[in-house]
Amino acid sequence: MVAVLEAPSKGRSLWRRIVASVKRFNRSRIDYARLAWPVEWAIFKKGAWWGILFFIITLLIHNWVHNCVYMLAGQYGVYGPYGRPGNPVVDLLFELFGPGPVDWTPAPGDVILYCTIVMGVLYALRPLLFPFPFRTMNILWRWAVVASLATYARLASFIFTILPGPAEHCSEANFNPPTTAGEVFKRIFVSGGCSDLIFSGHMLYVISVTCALFRYSCNKYLKIFVLLLTILQAFLIVASRSHYSVDVVPNDFRTVGKSISSPGVSDDDEEYPRTVPSSGTAKSGKPRKISSVSTRTSPDWVHEFRRTVYN
């Protein structure tokens, strides 16, 4: 009888400990956010906002130019898909993979693209809730500017070289390009266009996110995972005939070669922020300054920050 009574008691005790641990964790996250978010907001106002806005405007311009080249392909009669009349381009990797992956739904290249972007965004948001030697706004600003510059390089490439799209919807029977300037500006879509090929936008964003994770992550397993995803993405894009092989290879060199520092922070100083929240930040909203020398030589502010949050 005693043993029967002790079992529910132990179960309730274990449940109370779990609930208490969850409450402590949530409370520590809230306390941390009160300290960290004013710093993020200060970085955003200092200059990160224009980098993020620049990327949003770049996406809109990319959509318009993407529609323009689709319209030009229709005017010049540049039709696909691969292996049909009107598409004399020969791609040896297409021949190697065969037509099987073309009918895969959803497109595997899109799946890897969205998964990689989600991983990158979640990792960039990590400093909002957990101690981390980099700031969310610095990460987003740097990635947004690099991705924007690479996007303009892509626009300059495909607007002057109009190739027949290898995808099925680029065949003459399914061709549906914009025919007026109004349609060019009103059509908003990420995929579904034709002849915007050199170089691959899917690879551009996947590689840029991979480079950002290599720059900011200390987890070697995460780095290996995203690197394997990037390599797999290159083969899947070609196998599904979303792009030619030539669209994938030059993109690797263009995207990896671009780099830019965060606003007001040099490469030497970026590893640790110039401002960190002190114990009174949550009340005053003013971050405490630390010297650039101390930020480069020792991550003591990380330990101080953690003691402030968890004590």
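Indices start at 1 and increase along the chain as displayed.
Heads up, the Cβ atoms here are built off N, Cα and C, so glycines get one too.
The transmembrane segment annotation in TrEMBL covers 47-65 (among others). For the transmembrane segment (47-65), the list of distant contacts is 137-138, 140-142, 144-145, 147-148, 151-152, 154-155, 159, 184-185, 187-189, 196, 201, 262-264: same-chain residues at least six beyond its ends, Cβ to Cβ under 8 Å.
Below 8 angstroms of C-beta separation, residues 29, 32-33, 36-37, 40, 135-136, 139-140, 143, 202, 205-206, 209-210, 212-213, 216-217, 222, 226, 229-230, 232-233, 236 of the same chain, each at least six residues beyond the ends of the transmembrane segment (111-129), sit close to that stretch. Annotated transmembrane segment per TrEMBL: 111-129 (among others), in sequence order.
If you look up TrEMBL, you'll see 141-163 (among others) marked as transmembrane segment.
Each residue of the domain 'Sphingomyelin synthase-like' (193-249) gets a DSSP state, and the totals for helix, strand and coil are 41 helix, 0 strand, 16 coil. Sequence annotations record features per position, and here TrEMBL assigns domain 'Sphingomyelin synthase-like' to 193-249.
Taken from TrEMBL, the feature transmembrane segment covers 197-214 (among others). Among residues of the same chain six or more beyond the transmembrane segment (197-214), those with a C-beta under 8 A of the stretch's C-beta atoms are 62, 109-110, 112-113, 116-117, 119-120, 123-124, 139, 142-143, 146-147, 150-151, 154, 157-158, 161, 163, 165, 222-223, 226-227, 229-230, 233-234, 237, 242-244, 246-248, 250-252, 254-256.
Sequence annotations record features per position, and here TrEMBL assigns transmembrane segment to 221-239 (among others).
Residues annotated as region 'Disordered' in TrEMBL: 260-298.
Model confidence over the domain 'Sphingomyelin synthase-like' (193-249) stands at 87, taken as the mean pLDDT rounded to a whole number.
Taking Cβ pairs closer than 8 Å, the transmembrane segment (221-239) reaches residues 91, 93-94, 97, 101, 108-109, 112-113, 115-116, 119, 123, 200, 202-203, 206-207, 209-210, 213-214, 245, 247-248, 252 in its own chain, all 6 or more past its ends.
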